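This report concerns only the one structure given below.
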Amino acid sequence: MPYSPEQIEPKWQDFWKRHETFRAEVDHAKPKYYVLDMFPYPSGAGLHVGHPLGYTATDIVARYKRMRGFNVLHPMGWDSFGLPAERYAIRTGIHPAVTTKQNTDTFRAQIQRLGFSYDWSREIATTEPDFVRWTQWIFLQLVEKGLAYQAEVAVNWCPAQSTVLANEEVKDGKYIETGDPVEKRLMKQWMLKITAYADRLLEDLEDLDWPEGIKAMQRNWIGRSHGAEIVFPIDGDQGEMRVFSTRPDTLFGATYAVLAPEHPLVAKITTDAQRQAVADYVEKTAKLSSFERAELSRTKTGAFTGAFAVNPVNGAKVPVWVADYVTMDYGTGAVMAVPAHDERDHEFARLFDLPIIEVVRPGSGHDIAAEAWTGDGTLVNSGFLDGLPVAEAKTKIIGWLEEQGAGHARTTYRLRDWLFSRQRYWGEPVPIVHLEDGSWRTVPDQDLPLLPPELEEYGPSPDGEPPLARATDWVNTVDPETGQPARRDLNTMPQWAGSCWYYLRFIDPKNDELFVDPEKERYWMPVDLYVGGAEHAVLHLLYARFWHKVLYDLGHVSTNEPFHKLFNQGMILAHSYRDPNGRYYEPETVEEREGAFWGGGHKLDRQIEKMSKSRFNVVNPDDMVKEFGADSVRLYEMFMGPLEATKLWDTQSVAGVRRFLNRVWRLVHDDADAVDTARLTDAAPDPALAGQMARTIAAVTTDIEEMRFNTSIARLMEVVNTLTPMEARPRGVVTDFVRVLAPFAPHMAEELWQALGHTESIAYAPWPEPDAEALAAGGEELKEYPVQLNGKIRAKVMAAPNLSGDALLDAVKADPKVSELLSDVTVVREIPVKDKLVNFVIAK
RNA sequence: GCCCGCGUGGUGGAAUGGUAGACACAGGGGACUUAAAAUCCCUAGGCCGAGAGGCCGUGCCGGUUCGAGUCCGGCCGCGGGCACCA
């Protein structure tokens, strides 16, 4: 048979399954390597070609590490709680567990067709009772540690989804998943004290081998800023307002103060004369959506309370305003306004004609009336701070405030506590019962898992309560301690809960006693390589680090961080076609004529977009496997470009790697598709081939280590281009080639490995070492040296490799073309570079 | 506005400061074939030139260097993240 992946791929997939080739067990005799993919949510749409991008990369690393003697843990599972299955259930009445099971089966089959070397005996799903049990158990650990609490908080309420959302799930006043509008509402919710870990989450980023961009995003999200809290007494013994400022050095320049409209002090200090105006203003801002309020281009608005605050540093009475450019949920909800040195205060001051006092003077002229100066400078108009640079003034004023009892140094974070409850059905129920006196108790460990009750309908209850309220038998329970009547908590956990610890369960997926056996945990953790999309930069990756640190503090895990090295694969985009009315067309129906695209009688616009059903540009990996084979799909996804880059899918190019694999097949098989004994020789390779092979092994090795798979494959293609025309192919070279090919195209490699006479799987065959001698010799007797004049190439000279200094200069100068070039110029300097080139610097 | 990242042929991309365009896709030419597919060989940055060869060329401007796609400064453009965060 010619190369036919449709036959050899199922054969080897079956072989691996029957022999449990990729089963991993603790083995202290071997170094371990834990390589993990971000497990998918099994959506109804099935896999698209973006999924296998990361999975192929980790599979190559996993297979490579096995060949290098590592004990590799490479598992796969399902993040199977999620909104789509629940929405579908609300529409159809079909239980989400049913849909989830179907989708999971589809995903598993699709993934298995690509021949990844997962240890399927470790497959887990976050929806399985056995998994839910431990997710709830960990939540109760947080409760016990005082890291979970209930609070009446202003939450992001999404009316369309009838649920609250975490801050991280809301952007521009909309739910990031569906685009539904989100409003603020006061509700009692479960919160997790992630802020208690803010410093560690920030500082421990230092030691992680993560992309700098992701680290920056997490730092940004945590948003630590150092400053001071300063007390401004309200004039007339009305109490005090506390403000937070990162620029306490500019205290002398404070000319007014601002309270957020929701600030409790507003009602208290507003004078009778101003009461109506302030009430109107507060009401007006309350009506704005969070989106409108955040609109930056809006001109500032505000109202004067009539009250004055006393600047502690100079006794100046400054007017107190209410303005919605100050928000209640950051710092103290109150600011001292220094229009000279803050752009927002400057804009507000000019609008309402408030004074601007310069207290920091930059080196050169700056018109403080026209624009705020936020940079460094020397303090002026600031009493005992005069003459100091900003940094010193900050230290000095904070010291002074602390002495006077008028304030203190304070660090503030942008990070808020994690809103952890959702009003949904398809999630882990919060294992808490509420007693009639308003107190609550945790569900005892032995009663876990607490599974969602069976329901007829999955939407919110008629009186607006979460869906779980419909199950009255389930809701009404008793206090496990006293037997008093109690009601179950109606909330479920967000989808992030399961993914916060699933990597730990993979280590010991069947343990009935513990969420993970400590000995196994110590062996396998941390995850050595974690690959997934950058969209999880601050959500999953921050939450998981938080839970992990809590588990670490409780002594349940041995590492401070879960994921040592993180790599983000890029997105795969595809062309989509749209007519002037905005209608999309399936690519197969589009005709290309004279450089334009036509469909349905319209001239179409072609654009590059994210794959989505509605744009008709989804590429299904099943179709690709059917047409080209799994090895070709794997190879193409890696060959497209750097793993981290955003790339455009081009089905036509898959044919290119398929042709490459056809040629690989032909290296070992003759025209009759028997093993080509005539051409496979036992002779030693000539130095050129030996050199090329040695360089290839060395290059592919470092390329895999550095996750540059596209260039590895180019190297493999070069080897095939060399071997194909050869009448005699040294068996040793072909064997080494098959071994370095194995992580990339494992089915092909197994088949050829067998054809070459091996009986064992190639999965654990040792990775070849580049032949040091061949590597050093380079395989070349003569080397081409470019000869430059003032850096411009003027000639090329053949000479021996490894020449340096004068030997190289002599060799080059002996060339007639070079001597002619040098005959009528003055050489000022000669620069020979070993094995590279020679540059002559000549005088003009 | 702030923080990341990126600009290289028709296309995807390659290049420890040392021959820019490896490897591939699409294209052009040829061989095989009754024909096509498949396969194989040749060609291929632009301009000038019959050719030898020459000139130009990695978003733009400048700098460092014997030598810059690569390092530095400034601009322009694209993508991502954050954003009245005090």
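Placed from the backbone N, Cα and C atoms, the Cβ positions cover glycine too.
Taken from TrEMBL, the feature domain 'Methionyl/Leucyl tRNA synthetase' covers A:38-171. Sequence annotations record features per position, and here TrEMBL assigns domain 'Leucyl-tRNA synthetase editing' to A:219-401. Residues or ranges marked as motif ''KMSKS' region' in TrEMBL: A:610-614. Marked as ATP binding site by TrEMBL: A:LYS613. Residues annotated as domain 'Methionyl/Valyl/Leucyl/Isoleucyl-tRNA synthetase anticodon-binding' in TrEMBL: A:691-803.
Tertiary neighbourhood of the motif ''KMSKS' region' (A:610-614): same-chain residues 45, 48-50, 571-574, 584, 649, selected by CB-CB distance under 8 Å and a gap of 6+ residues from either end. According to DSSP, A:LYS613 (ATP binding site) sits within a helical segment. For the domain 'Methionyl/Leucyl tRNA synthetase' (A:38-171), residue counts in helix, strand and coil come to 66 helix, 21 strand, 47 coil, using DSSP. Restricting the average to the motif ''KMSKS' region' (A:610-614) gives a pLDDT of 83. Residue counts for the domain 'Methionyl/Valyl/Leucyl/Isoleucyl-tRNA synthetase anticodon-binding' (A:691-803) under DSSP, helix first, then strand, then coil, are 60 helix, 17 strand, 36 coil.
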